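Visitor: Can you keep this structure in mind? I'll have questions shortly.
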Amino acid sequence: MSVEPPPELEEKAASEPEAGAMPEKRAGAQAAGSTWLQGFGRPSVYHAAIVIFLEFFAWGLLTTPMLTVLHETFSQHTFLMNGLIQGVKGLLSFLSAPLIGALSDVWGRKPFLLGTVFFTCFPIPLMRISPWWYFAMISVSGVFSVTFSVIFAYVADVTQEHERSTAYGWVSATFAASLVSSPAIGAYLSASYGDSLVVLVATVVALLDICFILVAVPESLPEKMRPVSWGAQISWKQADPFASLKKVGKDSTVLLICITVFLSYLPEAGQYSSFFLYLRQVIGFGSVKIAAFIAMVGILSIVAQTAFLSILMRSLGNKNTVLLGLGFQMLQLAWYGFGSQAWMMWAAGTVAAMSSITFPAISALVSRNAESDQQGVAQGIITGIRGLCNGLGPALYGFIFYMFHVELTELGPKLNSNNVPLQGAVIPGPPFLFGACIVLMSFLVALFIPEYSKASGVQKHSNSSSGSLTNTPERGSDEDIEPLLQDSSIWELSSFEEPGNQCTEL
């Protein structure tokens with residue numbers, strides 16, 4: 001992906017206009033560009049929540065049709081192909097997230113919210129037009145599938161430090177809420193009217209989300225934080241997907257947190273990519289039961305990430321809340337691995353809902369251990385780790401299913417049918433048990449994370465620094481804008497020494 005200077009910048013280089021004409025031209029350009037950036041009201045967490053809700057509601061509608069199309073397209077090695085498709089998408093997201101983040105720090109959040117939602121939802125109508133193109137576009141759409149990253153930057157722009165823990169929890173809960181009813185609605189429409197109508201409704205919802213961003217969402221990044229010219233230089237170090245990972249070893253606390261995130265999110269990413277197929281193939285869930293299961297877990301996750309998270313953070317503390325979430329994750333993965341009956345899946349689903357507190361708690365822990373002007377780098381590291389897991393996790397789970405000969409040989413087996421494979425196996429779900437072992441290692445690593453620490457020795461950005469945003473004005477003291485990813489030459493993570501006040505998640 002290349003970033004070329006806009007035509008007006010090249011014209012400026014060819015013939016420099018008079019000095020007195022520059023402010024007038026610049027003001028006119030800013031006035032023209034500010035019209036579509038205004039939206040309705042002041043930027044808030046509610047705008048971000050609606051964008052997330054609509055995007056994942058559209059994809060939730062396609063849960064049942066997607067399982068059918070996946071089986072029809074890849075009748076052999078279904079789990080493996082699903083893992084590879086999702087793995088390619090995740091790796092592309094990991095590679096593109098820093099560039100999109102750096103550009104959003106320059107040009108604002110709204111243009112990139114619009115772009116990420118559009119390209120993420122672009123494959124939806126292709127499901128009925130051409131399944132092969134649909135899966136190909138899903139893989140390629142990973143380049144822009146970083147809506148959550150831009151949303152988190154948007155939320156950080158509009159909240160104070162002490163509000164971010166709650167705000168991240170609400171955004172994560174909104175994601176869960178979008179999956180409460182959409183799979184059930186999609187399953188009903190599919191059974192009553194066919195998959196074509198489901199795809200049409202999902203496409204309409206995606207278009208509604210795009211229109212909402214275009215018309216209603218205001219820009220969250222203040223104009224004075226953006227460069228005067230849209231042709232401002234961007235350091236390519238900001239676009240390096242491995243730049244944030246290189247900072248991990250510079251501080252022991254950051255290293256421990258990142259290892260914890262990697263070991264906990266790797267099995268979670270794999271689980272998200274294959275679990276609905278697993279419920280249908282191994283356990284024998286039909287479309288209605290899968291939709292009901294998603295709704296139950298979604299509702300409980302909302303309660304866990306809103307009410308329970310706040311209570312646990314106050315009573316147990318940040319670190320112990322993370323440990324509790326990892327404990328729930330371990331239990332639910334082991335239960336999925338050994339469970340062979342439907343009731344076991346329902347019981348494990350309640351535990352899975354409680355494990356959803358882990359990522360918001362980790363986000364709060366990261367923010368708590370970083371100074372206010374280091375938030376972009378600290379959260380950027382976590383974003384990079386999760387992006388890497390989104391690529392590796394699905395491929396890992398697909399490979400393990402393939403190694404243990406778990407295939408989608410029959411679509412929608414009847415519950416308690418003798419044809420359902422692995423019902424009598426000692427370990428019906430090998431990838432989930434493997435994931436539980438990985439989370440156990442994550443739990444052991446998290447034990448060594450200090451409860452309180454604060455970064456110090458921050459190296460501030462100088463206006464004379466080369467390769468950075470030379471036209472970006474200084475930050476006002478009354479504003480706390482958190483960039484998605486910062487240039488490694490701007491911020492350096494130093495050793496965490498002094499305890500400080502608490503501040504702060506698809």
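Glycine is no exception: its Cβ is also placed from the backbone N, Cα and C atoms.
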Visitor: Checking Swiss-Prot: are VAL106 and VAL366 on the same side of the membrane?
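Guide: Same domain label for VAL106 and VAL366.
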Visitor: Which residues of the chain, 6 or more past the ends of the transmembrane segment (197-217), have a CB below 8 A from one of its CBs?
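Guide: Contacts of the transmembrane segment (197-217) (Cβ under 8 Å, skipping residues fewer than 6 from its ends): 36, 39-40, 43, 47, 50-51, 54-55, 57-59, 61-62, 64-65, 110, 113-114, 117-118, 121, 124-125, 127-128, 186, 189-190.
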Visitor: Return yes if the transmembrane segment (112-132) and the transmembrane segment (429-449) have at least 3 CB pairs under 8 Å (sequence gap of 6 or more), otherwise no.
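Guide: No; fewer than 3 Cβ pairs under 8 Å.
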Visitor: Using a Cβ cut-off under 8 Å, which residues of the same chain at least 6 positions beyond either end of the transmembrane segment (320-340) come close to it?
Guide: 260, 264, 267-268, 271, 275, 278, 282-283, 309, 312-313, 347-349, 351-352, 354-358, 361-362, 365, 422-425, 427-436, 439-440, 442-443, 446-447, 449
Visitor: For the transmembrane segment (388-408) against the transmembrane segment (429-449), do we get 3 or more Cβ-Cβ pairs below 8 Å once near-sequence pairs (under 6 apart) are dropped?
Guide: yes
Visitor: At a C-beta cut-off of under 8 Å, are there same-chain residues at least 6 beyond the transmembrane segment (256-276) that contact it? List them, or none.
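Guide: Beyond its ends, the transmembrane segment (256-276) has Cβ neighbours at 63, 67, 79, 82-83, 86-87, 90, 248, 290, 294, 322, 326, 329, 333, 336, 358-359, 362, 365-366, 369, 381-382, 385-386, 388-390, 392-394, 396-398, 401, 431-432, 434-436, 438-439, 441-442, 445-446, 448-449.
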Visitor: For the transmembrane segment (83-103) against the transmembrane segment (50-70), do we get 3 or more Cβ-Cβ pairs below 8 Å once near-sequence pairs (under 6 apart) are dropped?
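Guide: Answer no, regions not in contact.
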Visitor: Count, for each of 50-70, 169-189, 282-302, 342-362, 429-449, the Cβ pairs lying under 8 Å from the transmembrane segment (135-155), and report the range with the highest count.
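Guide: Result: 50-70.
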